[in-house]
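Below is one structure. I have some questions about it.
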Amino acid sequence: MQESLEPCCTVLYSAILCYTLHYTLYCIMLMFCSSFDPPVCFYPVEQLPSITDQSPASLIALPFEESFPVKCEATGNPEPEFKWTKNGQDFDPFLDPRLLTQEDSGTFVIPNNGNLTEFQGVYRCYAANKLGTAMSEKIEFIVPNVPKFPKEKIEPIEVEEGQPVILECNPPKGIPPLQIYWMTIGLQHIEQDERVSVGLNGNLYFSNAVQTDSRRDYCCFAAFPRIRTIVQKTSKVLMFILTRFLISTANSILERKPSLLLPSGDRTNKHLVKGEELLLECIGEGFPTPQMEWVKLGQKLPERAVVENHGKLLTIENVNEEDEGKYMCKAINAHGEAVHYFHVTVEEPPEWEVEPKSQLNMIGANVVIECSASGRPTPTVGWRVNGRPLSGTTVYISHSPTAYLRPLILTENGVQYSVVEGKAVMMHCRVFSSPLSAITWREPAESAAGPRFSVYKNGSLEIHSVEREDEGEYSCFTENTEGKSAISAVLEVKAPTRIVDPPQDLRILVGTTAQFSCQAELDPSFSEDYEIIWEKDGVALNDSESTGYIVDDEMLQIVNVSFRDQGVYVCVARSPVDEDSALALLTVLDVPDAPEDVVLAERRDRTVKLKWIPGDDHNSTTTEFIVEFEESQWKPGSWRELMRVPGNHHSALLKLHGHVDYSFRVSGVNEVGRGRSSGASERYRTPASAPDKNPENIKIEGHLPHEMDINWEPLPPMEHNGPGLEYKVSYRRQGSEEDWQEHMVKRHSFVVKNTPTFVPYEVKIQARNHAGWAPEPKTVVAYSGEDFPSAAPDDVEVEVMNNSVVKVSWSRVHKDKLHGHLGGYRVILHPHVLLLPPIYRTTTLHSTSGRGRFPIMPLGLVHASSIYILFFTDEFLYFLSSSRLVNNTEEVGPLESVNITGADTTKWLLQDLEPVSRYRFYLQSCTRAGCGPAASEEKTVYQYKQHDGWFIGLMCAVALLTLIVLIACFVNRNKGGKYSVKEKEDLHPDVESQGMNDDTFCEYSDNDEKPLKGSQPSLTGDMKDRDSGDSMVDYGDEDVHFNEDGSFIGEYGGRKERVSTEIKATNQSTA
């Protein structure tokens, strides 16, 4: 038996040995072919298909992309064939002429031709050859819609102070994540605190409202960063929400216990998948503002729990089973509390405990493909062979004898790996051996072990969160029963590339230049091997042929910006091992476009409703609309503003005047400026009606004492409201029971004559046209004409302050003597410098009493600008100023005038006067009609200096000379007796024709028609003010002037006869 079996065993042994040798040669050939890239082999090796490249699980079709490749690449021998399914149904991209395909590739490209919706769906790629089929992951092609806010009418919200309020945002749906911002129209963030906060749903919550919350520009912004879109809600383009928020203050704010605005009810169930972020939110209301607290029932809050948003939001990242349980939020204030419970359940997605591995086995060997997974709830496991379902978890295939080989490391020795600090790196050590060999890795100092190090069954070593200390040379060791082998690998740890100064969002005007800057930090070893790349909507701009872009490394300039240039710009800082990017949004602004479709509605006699469709606001919210009108009668072709309405209103109720042919247009205003106006609306003519109002700005003046001038501002032509406009003027004395005096006039002025001086009148003016009367007018009280004051100020005093300043003071004139509104005072000063006595001529003075001529004896009171001569007869004592100096070597001092407008002023300082000068001061009170009589005062301004003996001597000489002249006159009078005036008149019958000669000093006659020049009051001061030569009342309203010799020039017309008469009367009484 044994001998009979020997031939069989020998044959079997030979067969096994041949098979083993054949398999060994096959393996050696396979290893030899695999050492080339691409693999080269003289003998074709069949391989199963393997997916090498595919699109991500979600492929979003952004509207600014030109095309969207759906990738599927695979290797295998024979060359695999590709097949696609869409939504579980067979789909052949080669049959659709709109798709771009390539031979020997499963990738197809969907062009962005504006009709992408029909390509939306879930795709899966299959690569198959005769050995099997490889299947890609599912690829979902998503065509996002542009998020839009729903149209809605925004009504004002009115809430009592202290009450809660919620401003809803209601953002549109879009590709997550969604970010909500509440800002003002000026893009200022609404400040949040314990009282005011934004919920996860985007609403703005006020725990209790206060007065400062009242505003008209609460705006909600919704941002979708994944599709690079920010939308605001307006009534036109649905881009932002404008909420009017008004507070009405009650008498008192009632305090109350808290309640919860969010969430509703008393409990909420939350289901999360392991690794997701837990977000629990509670927003309370009450007064005072409640405080929020968080607890986990039965245990402490996890250490990873973070409380945000002023205590209203609890977050836990990467939740796991330990985070399951019941949570409670609590709102507390002094009046009580409110609670809400959250039941949190953490589910775990399927996770490989034992992941199926690709294997290379000898023919006839046992192949075990292990597969196990865990999860909550427990996952079910299914098998597919070449894409076909296969039941069971383990497949056993009968085996044949196996060859034994020492480990062979297929990975190249000395490979250098570069990794960024903080990232993960995978170092490979692919081993082929039979039986399987054990693989270990060693760091430069110790064994590669620890939670950051993972060695996989295929021999690869992964290091998580690489640190600087991980840099160095690593060794991979493999060993089985047949032998051992090893290779080394070098790991370099680089500093991460990081953008430190990212580009900022810009809002600029169309036609200007935009400039972005971007600065990055990177590993010093890459200082010569990095680049800054600028992209717009995924297209690189560095090599762009567009002349509008200027790229200078870290700077990007966009010249003459247009609306085509707005969008998202990306700065990419790229090194050989990593890159960093930053986004910036360019928003182009311009004035609003002209509104369209301006139409009239709801037409009434005096109102009409104007409606329009706003034009594009060009990224700057329209704050208001300006409504203008043009009428064809008064100013045809001239557009005038009628009213302004808020930017969220698209209609306006216009109040119109009667009897006007209107046309309207509208223009918008935003932060850039005022936009172009719309086209003109159809014309609308209103019927005639009575005037809406009476004249305004009524002015009543009295230019003459017995007249009253009434003037008013006429109604503009637009306000006539109809033809035949005229005015009714009514007046009467105030306080009297007299009937109103009424007059109809068409002009805008009226003069009332024969009125008493300065008495109050009641006046009213009412407008009327052919259609009727205006409303009852208001009564205006004013005074009739004013006259000159009849008295001069009293108690005039002049006080010398120093050598150039004097103070003039006085008492107010009694109101009964003002005859008008006191407007102020006038101070007139006339300087007279004291000099040596002059040589003067002799003048004959003719008496008005008819008693003949008499000589005069001059006295020595002398001034530079005029000579004051004291003379007397038996009956008279005069003080005149008429004679000129013969020795006229000094200039006459100028007449100066100071107007004092303060009616209550009773003192005044006159400065910059000439020292050693004598001044005569005149003080008058003035009304609107003019100035009244003058009070006068003289004062000498002395030079307060030493060595003034010459002045004292001069004054003594003048006094002595005056005494001698007086004595001489007295002696001469006693010798000559009384003079006969009649004889003197006979000696000089026509003094007027003779004029002045060398033998006369002054001539005076009763038939002289010329007034006395500069006559002065008597030394005794008994002369009446109204007859005084110095009285300003004689001059009327004219300024006081001086002639060449410095004497006064007054308007004596009409008074000369009275002066002569009074002189005669005086003579008679004296006689």
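Just so you know, glycine gets a Cβ as well, placed from its N, Cα and C.
Grabbed the feature section from TrEMBL, which reads as follows:
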type: DOMAIN; residues: 49-140; note: domain 'Ig-like'
type: DOMAIN; residues: 144-231; note: domain 'Ig-like'
type: DOMAIN; residues: 258-345; note: domain 'Ig-like'
type: DOMAIN; residues: 350-387; note: domain 'Ig-like'
type: DOMAIN; residues: 401-492; note: domain 'Ig-like'
type: DOMAIN; residues: 496-584; note: domain 'Ig-like'
type: DOMAIN; residues: 594-689; note: domain 'Fibronectin type-III'
type: DOMAIN; residues: 694-787; note: domain 'Fibronectin type-III'
type: REGION; residues: 673-698; note: region 'Disordered'
type: REGION; residues: 984-1054; note: region 'Disordered'
type: TRANSMEM; residues: 12-32; note: transmembrane segment
type: TRANSMEM; residues: 949-971; note: transmembrane segment
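Could you tell me the structural context for the features on the list?
The average per-residue pLDDT of the prediction over the domain 'Ig-like' (258-345) is 89, rounded to a whole number.
Across the domain 'Ig-like' (496-584), DSSP helix (H, G, I), strand (E, B) and coil residues number 6 helix, 45 strand, 38 coil.
The helix, strand and coil residue counts that DSSP assigns across the region 'Disordered' (673-698) are 0 helix, 6 strand, 20 coil.
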Based on DSSP, tally up the residues of the domain 'Ig-like' (144-231) by helix, strand and coil.
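DSSP classes over the domain 'Ig-like' (144-231) add up to 6 helix, 32 strand, 50 coil.
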Report, as numbers and ranges, every residue of the chain located at least six residues beyond the region 'Disordered' (673-698) whose Cβ falls under 8 Å of a Cβ in that stretch; write 'none' if there are none.
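Hits for the region 'Disordered' (673-698): 591-596, 598-600, 603, 605-606, 608, 610, 612, 615, 626, 628, 630, 632, 639, 656-667, 710-715, 719-723, 725, 727, 748, 763, 765-775, 777-778, 780.
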Counting CB pairs under 8 Å, which listed stretch among 258-345, 401-492, 496-584 touches the domain 'Ig-like' (49-140) the most?
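Per the Cβ count, the answer is 496-584.
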